[in-house]
Amino acid sequence: MRTAEFNHSRLLVAARFCFMLLIITLPWTIAPMTIAAVACGTLTLLAAPRRSAQFLGRNPVSLAALGWIAALLLSTLASEDRAGSVHRLDKALFPALIPLAAFHTANRTRGERALSLLLLSSAVASLMGIVFFVARGASFSARARGPVGHYMTFAGQLLLLATVSGAVGLMTQRRTWRVAGLATAGLAATALAGTFTRSSWLGLGAAAAVLIGRARPRWLPALGAALIAIYAFAPGAYRARLHSAFDPHHPVNLERTYMWDAGLRMFRDHPFTGVGLQDLHPLYDRYRSSSSHERAGHLHSVPIQIAASMGLPGLLAFAWLYGALFRAAGGGLGATMKAPDLAAGVRLGAVAALAGFLVAGLFEWNFGDEELLFLLYTMVGLAWSARSWDAAPGEAGDAASQARAAPA
């Protein structure tokens, strides 16, 4: 018996170590994220199968995740390219990151440790993006790509990281955390500017509005004035890029509208199953406008992409899933906000990040980017766990009791 308990204890320590590795890799590239997540999940199930099952089955997203899985399977079964669709079913596993993150941050000590590592890793990744952007000329042609290697994915990461770290800086009463949060947010926002990614800029504006509106409502007029000033007086290439976002005749915007039109026609032809999860290049060639010049493998809009690939069941499942993410991150936030602290910052930051991510997703298929899904779901899990940090200080948090307290 003692040997078995000792082995389970060692497995749990290894699982916690792998979770911290996952946290460190979130602002970076897909391979280490995947390795750390798979190792952490496997070790957690082996070390604490009963408690893991409680977290997996009883969290605010579990039922919605099943609905999302069902919609993905339906689309795959009806797809013209089932092999190509099956290859993308791995996205059904991402909601499991929420209970995994909550399990490993079930008390304040482990939660703060994870958050500090996330802020540190985010700051390093942002700084790396800034340094290489400046070294290559700090221009549109040298857009900041960061460790992930792609400016659009890097921009999505920075949108989420800037929002959560900024919320931590605004809400905490502790000087060290305030400085760390605001400094990390500043670095992330600066790096985001270097990506020249309009969708993430708009998303950050929306996230900032949610964050300021909830934490410092008196600052909203100042935020609005600042955004208007940035739009009006941004220098050179930044001004052109910002103004292009609102120009319906801009060539890039026209191509996006052609993609959206093709997606809507796919939806009209396949309203109940969509065309499938596979790469859309072959189908897009059939549906594209004669005026378009680009071939597209996806449709640069979350609702359009889901409508085209998964049909009405996919749209309904996505709405259910995203609503569940908001509930997991922000359920009971009003009570938490009465005594602002680190937990309130994490929860408000996750809610604002979800809002910003959704706005950015109107113009980009960010919900199909696995690097972003790793970060998004883990943040929601951290926020869901943070609701109990005050009730479970130090190492006294009991994962089983937290799972029992969670809404089904």
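Cβ coordinates are placed from backbone N, Cα and C, and glycine is handled just like the others.
Features of the protein shown, as given by TrEMBL:
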type	residues	note
DOMAIN	185-319	domain 'O-antigen ligase-related'
TRANSMEM	21-48	transmembrane segment
TRANSMEM	60-78	transmembrane segment
TRANSMEM	114-134	transmembrane segment
TRANSMEM	154-172	transmembrane segment
TRANSMEM	179-199	transmembrane segment
TRANSMEM	219-238	transmembrane segment
TRANSMEM	302-322	transmembrane segment
TRANSMEM	342-365	transmembrane segment
TRANSMEM	372-389	transmembrane segment
**Asked** Helix, strand, coil residue numbers for the domain 'O-antigen ligase-related' (185-319) per DSSP?
**Response** 99 helix, 0 strand, 36 coil
**Item:** Contact yes or no, the transmembrane segment (114-134) and the transmembrane segment (21-48), 3+ Cβ pairs under 8 Å, gap 6+
**Value:** yes
**Fill in**
The mean pLDDT across the domain 'O-antigen ligase-related' (185-319) is 97
**Item:** In contact by Cβ distance (the transmembrane segment (302-322), the transmembrane segment (21-48); 3 or more pairs under 8 Å)
**Value:** no
**Fill in**
Tertiary contacts of the transmembrane segment (302-322), defined by C-beta under 8 angstroms and 6+ residue spacing from its ends, are 61, 64-65, 67-68, 70-72, 74-75, 95, 259-260, 262-264, 266-267, 270-277, 280, 354, 358, 361-362, 364-368
**Message:** Do any residues, 6 or more residues outside the transmembrane segment (219-238), come within under 8 Å Cβ-to-Cβ of it, and if so which ones?
**Reply:** 139-140, 193, 196, 205, 208-209, 212-213
